[in-house]
Amino acid sequence: MSYLKETPLGRSSEYVDQYMPSLLCPVPRWDAREGLELESATLPFHGSDIWNAYELSWLNEKGKPIVAMCELRVPCTTPNIVESKSLKLYLNSFANTRFQSRDAVRAAIEKDVAQTAGGNIEVLLFSLQESAGFPVWEDRGDCVDNIDLNFEHYEYRPDLLLCDQGPEQTGQLYSHLLRSHCPVTDQPDWATVVVRYTGRAISPASFLRYVVSLRNHQGFHEQIIEQMFVDLMTQCSPRHLTVYGRFTRRGGIDINPFRSNSEQPLPNRRTIRQ
């Protein structure tokens, strides 16, 4: 993946404040999926990458600055993800550009990001007043973080996942301890990860050990969640599986990949760290 060094993440960048769609940079999904032995035509999951951008501003027709929150939903079936720093630079390019309306801004973002991702996407813009009423994600299910264990493995170990013997059940596990690293800058990424499943009971202690083993693992947010989905399917074989990552923001943007073989994307509710 040496080509990633040539993306905006891999080099210093100038900040442009006039609308410039060419700043957007695609990253092929197939690169990481090859390592997981996934074929685009037969993915074992569906879902979306939900992006929240908190630093969007443009000028109205009178030259007055307008600010808004931006939500983007990029289906996991698109051939590309959007390199996150390039999206930040692209959104910054709206700052001193005049637009007729909020919908004109929304339409421009939807068109440009869809072209970069290689498929249809959805964009929503919200005023700060509208955003203020959005609920925060509520903890539901079993949080594994308070299990008292000794830890030795901080390198990727999918074999740590274990299933209890017994009848099929439906459960939800979550952890706020997920940490991984950007494959370009090696900066740490932090997330809450939620797993919902129907199948043999996943051992909460083993799930916690597995989450901790990703602590020094490299991958973009989307790749980490797909890796977790594949590992859980391989090690535990649940009939239904959902993996949802809520990553903390960087550069005014948070990315929240959702992968499932049975559910549609959950509501876009920020966690306490977002």
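Placement of Cβ uses the backbone N, Cα and C atoms for every residue, glycine included.
Feature annotation from Swiss-Prot assigns active site, thioimide intermediate to CYS182; the stated evidence is sequence analysis. For ASP189, the entry in Swiss-Prot reads active site, proton donor. Annotated substrate binding site per Swiss-Prot: VAL82, GLU83, SER84, HIS221, GLU222, in sequence order. The NADPH binding site annotation in Swiss-Prot covers SER84, LYS85, ARG250, GLY251.
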Number of Cβ atoms other than its own within 10 Å, given for ASP189 (active site, proton donor): 19
Count of other CB atoms lying within 10 Å of the CB belonging to the residue listed as 'active site, thioimide intermediate': 18
Additional residues surrounding substrate, by Cβ distance to the VAL82, GLU83, SER84, HIS221, GLU222 centre under 8 Å: VAL27, ASP49, TRP51, ILE81, LEU87, PHE220, ILE255
Recorded positions clustered about HIS221 (substrate binding site) [Cα within 10 Å; pool: LYS85, ASP189, ARG250]: ASP189
Lowest local Cβ density among LYS85, HIS221, ARG250, which the record lists as binding-site residues, within 10 Å: ARG250
By Cα-Cα distance, the member of recorded positions VAL82, GLU83, ASP189, GLU222 nearest CYS182 (active site, thioimide intermediate): ASP189
Binding-site residues near ASP189 (active site, proton donor) (Cα-Cα within 10 Å), from VAL82, SER84, LYS85, GLU222, GLY251: none
Lowest local Cβ density among GLU83, GLU222, GLY251, which the record lists as binding-site residues, within 10 Å: GLY251
DSSP three-state assignment (helix, strand or coil) for GLY251 (NADPH binding site): coil
DSSP three-state assignment (helix, strand or coil) for LYS85 (NADPH binding site): helix
VAL82, GLU83, SER84, GLU222 screened against GLY251 (NADPH binding site), Cα within 10 Å - retained binding-site residues: SER84
Cα distance (Å, whole number) from LYS85 (NADPH binding site) to GLU222 (substrate binding site): 15
